[in-house]
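Per Swiss-Prot, these features apply:
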type	residues	note
DOMAIN	25-219	domain 'Lon N-terminal'
BINDING	G368, P369, P370, G371, V372, G373, K374, T375	ATP binding site
DOMAIN	603-781	domain 'Lon proteolytic'
ACT_SITE	S688	active site
ACT_SITE	K731	active site
Amino acid sequence: MSTKFEKLEKLARESFQSPEVPETLPLIHLRNGMIIFPQTVVPVHVAREKTLLALEQSIESYQQFVFVTSQKDPSVEEPSFDQLYEIGTVSKVLQVVQLPDGSFRVLLEGLERARAYEVVQDNPFLVKLEILKVNYRKTKKLEALIRSVRESFAKYAYYTQRYSQETLSAMSEISDANRLADFVASLLPLQLKQRQSLLEQLKPAKRLEMILEILSHENEILEIERELDTKVKKRIEENQKEFFLREKLKAITEELGEKDTEADQLKARLQKLKLPEHAKQKATLEIERLEKMSPYSAEATVIRTYLDWLFNLPWDNSTEDRQDISQAEKILQASHYGLKEAKERILEFLAVRKRSNSVKAPILCFVGPPGVGKTSLARAVSQALNRKFAHMSLGGLRDEAEIKGHRRTYVGAMPGRILQLIRTAQSKNPVLLLDEIDKMAVSFQGDPAAALLEVLDPEQNKEFVDHYLEIPFDLSNVLFITTANVTHTIPPALLDRMEIIELEGYTDYEKSIIARQYIIPKLMGENALNEATFKITQGAIKKIIHTYTREAGVRQLTRMLQRLMRKSALKIEQGAKSVVIKSKDLEHFLGPQPVQNDIMLSKPEIGAVHGLAWTEYGGVVMVVESLLMPGKGDLILTGRLGEVMRESARIALSVARSFCGQDCKEKFQQSDIHINLPEGAVPKDGPSAGITMTVAMISSVLGKPVRNDTAMTGEITLRGKILAVGGVKEKILAAHRHGIKRILLPKTNEKDLKRIPPQVKDKMEFIFVEDIEKAVEKSCS
């Protein structure tokens with residue numbers, strides 16, 4: 001074989017005068033994106049057996065002529081003719097050199113374009129060719145293209161610094177458009193498809209346009225890269241001085257023996273902390289970033305703040321829950337009167353937790369009017385459980401970043417309030433109070449209620465991710481307690497995640513006990529009074545409850561008692577030995593009675609009925625007035641009524657007309673009925689006044705007075721049926737505060753009497769009605 005190739009090499013070195021290109025030539029197919037253009041000399045590496053046979057045949061039988069084309073897919077080892085480009089270049093073998101690895105380097109000179117249209121032989125390929133002649137006329141446009149290509153290539157060569165001055169000189173001497181296009185195309189680092197397109201383009205002008213477009217695109221990118229390099233170089237030069245000084249300072253520090261850098265101190269601190277693995281990895285990454293940057297840069301300050309938060313969160317700190325359930329019960333009883341359901345739920349949690357540490361903390365929601373002890377009960381729960389306590393008010397909150405924090409890309413970014421409270425408590429299992437959860441707002445900054453879904457979901461909060469921290473923090477051990485006045489303003493998805501515990505309003509009896517056992521001892525301590533210097537009679541306490549306060553809770557009662565003690569302390573400082581507060585002294589100490597029963601009916605009246613309503617502040621008693629006057633049968637409604645109450649009034653009118661029958665037909669047709677609910681500045685809505693408005697209308701039409709010791713509540717249907725309503729306990733307590741003795745309730749609300757305290761229930765008469773007939777019978781005297 002070596003003798004054969006020595007002969008091949010010898011033949012290639014011999015001078016050769018080509019007559020004409022033969023019609024049939026051996027075919028050499030190149031890969032790896034190589035294409036030979038006419039009038040160019042290209043070295044080619046040859047190793048495949050089939051290619052070597054074609055080369056040998058070219059030298060021996062075809063005067064060193066060979067047809068060179070490219071593979072469409074370079075990965076194919078032995079392509080078929082269909083996998084080759086038809087158009088290629090007729091080339092001449094100038095030199096063959098054998099390499100140490102047994103392959104050959106062949107020097108080929110491209111002569112002219114040709115198209116292979118028929119295969120004569122397969123191994124090696126022998127093909128018939130059609131020579132593709134290039135004919136063109138010189139025009140001004142062609143001359144302009146030649147100049148543009150020269151200038152663009154010179155600019156490209158300047159940017160890339162790839163080409164020698166000899167190459168540029170050779171290009172400038174080429175005046176033939178066809179040759180210039182092929183010369184420049186052979187020098188550019190193009191993709192295979194781009195090279196093949198240029199080879200197949202027979203019009204020099206079109207080929208120059210394609211090359212000019214490629215050069216313009218490359219020059220634009222190179223110019224941008226050059227600008228960026230200039231900016232980077234300038235920035236590096238500006239930072240060189242600072243870098244040099246920093247390195248010098250570092251060397252001086254090492255010489256002085258001060259080897260503990262900031263990064264070393266942080267790493268040592270990290271080793272002492274009991275962080276979970278993912279938190280350690282994050283901290284290590286941030287310390288490494290800090291180590292590589294200037295200690296005076298803004299980014300370094302951001303990283304220090306982040307690491308400070310990461311290190312100071314209580315990843316492993318927790319308090320041990322109280323195991324003595326009886327002791328926990330004593331703490332709850334000592335702090336609050338009543339509230340049986342809430343206390344039982346906390347003790348149940350303690351009992352289960354004592355038996356199994358894997359139990360998840362409940363998500364509790366205390367719902368009730370203001371002043372009933374929702375917030376203070378949450379504090380008592382933390383004491384009973386022996387846990388840390390943290391508090392956050394959600395009222396008016398409208399930015400979800402307050403819950404989940406800001407991302408560190410923002411200036412002044414901080415974690416959300418949840419993690420801030422956890423850090424303040426320094427415990428991963430505190431009692432966390434989210435106050436006023438029913439008063440959150442929605443804005444363009446997001447929905448905080450949606451952000452709370454992850455916080456209050458026991459299935460998700462084990463891996464709560466704050467936007468600032470960017471790594472999970474376990475909230476599953478936190479006992480979340482939320483408070484609300486009403487539930488209808490809480491989003492359903494959020495409400496579904498919480499266990500609702502209703503804290504209803506107190507009776508006057510309960511308020512007097514709370515005042516005597518809880519409020520007065522606490523306030524006496526705050527005002528430095530004792531039993532020898534300050535006394536208040538039971539009658540005075542009851543009078544304050546009846547005439548100076550009218551509320552579901554005890555907040556206003558506390559203010560009144562606080563005011564009494566301040567004035568008593570002043571009298572003692574002015575010389576009095578002690579102060580005893582009696583009922584008759586209240587007006588002197590507290591001023592005129594602010595609570596009057598002006599709205600209450602003093603005697604039975606026609607068209608005036610006591611109604612019961614329920615608001616977020618507790619139950620209220622209101623008077624529904626009905627007036628019959630000459631008109632055309634219209635219904636007039638005043639008192640700032642909502643749409644539901646207006647519809648209920650229209651139903652009440654229809655029921656009243658049906659109840660009164662044909663005898664009153666003309667009266668309804670020739671009269672207008674005016675329904676009014678006093679206190680017109682207060683908005684009112686809901687269906688529970690249906691029975692009240694119906695009875696008031698019937699009373700005014702029939703001329704029957706309604707008993708003034710009676711109040712009622714219930715929704716009316718078009719068939720005159722009375723449906724159940726909510727807030728029954730609050731409504732009954734409100735009626736009791738106003739001295740009402742008889743209550744008309746829907747029959748289906750009879751079960752709610754079980755929740756009424758005996759001291760209230762025993763003093764009132766409850767009448768359960770199913771339809772309007774019985775309601776009129778029991779209320780009209």
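Glycine is no exception: its Cβ is also placed from the backbone N, Cα and C atoms.
What Swiss-Prot annotates, mapped onto the structure for a quick look.
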residue	record	Cβ contacts under 8 Å, 6 or more apart
G368	ATP binding site	K374, N485, E502, L503, E504, G505, A552, G553
G371	ATP binding site	E551, A552, G553, V554, R555, Q556
V372	ATP binding site	L503, E504, G505, Y506, A552, G553, V554
G373	ATP binding site	H336, L339, L503, G553, V554
T375	ATP binding site	H391, L433, D435, T483
S688	active site	L612, A613, W614, T713, G714, E715, V725, G726, G727
K731	active site	L612, A613, W614, G619, T713
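Summarising the environment of K374 (ATP binding site), the number of other Cβ atoms within 10 Å of its Cβ, over all protein chains shown, is 26. Apart from the site residues G368, P369, P370, G371, V372, G373, K374, T375, the chain places the Cβ of F366, T483, L503, A552, G553, R555 no farther than 8 Å from the centroid of the site's Cβ atoms, the recorded ATP location. Highest local Cβ density among the binding-site residues P369, P370 belongs to P369, counted as other Cβ atoms within 10 Å over all protein chains shown. Mean pLDDT for the domain 'Lon proteolytic' (603-781) in this predicted model: 88. DSSP assigns T375 (ATP binding site) to a helix in the three-state reduction. Look at G368 (ATP binding site): DSSP puts it in coil.
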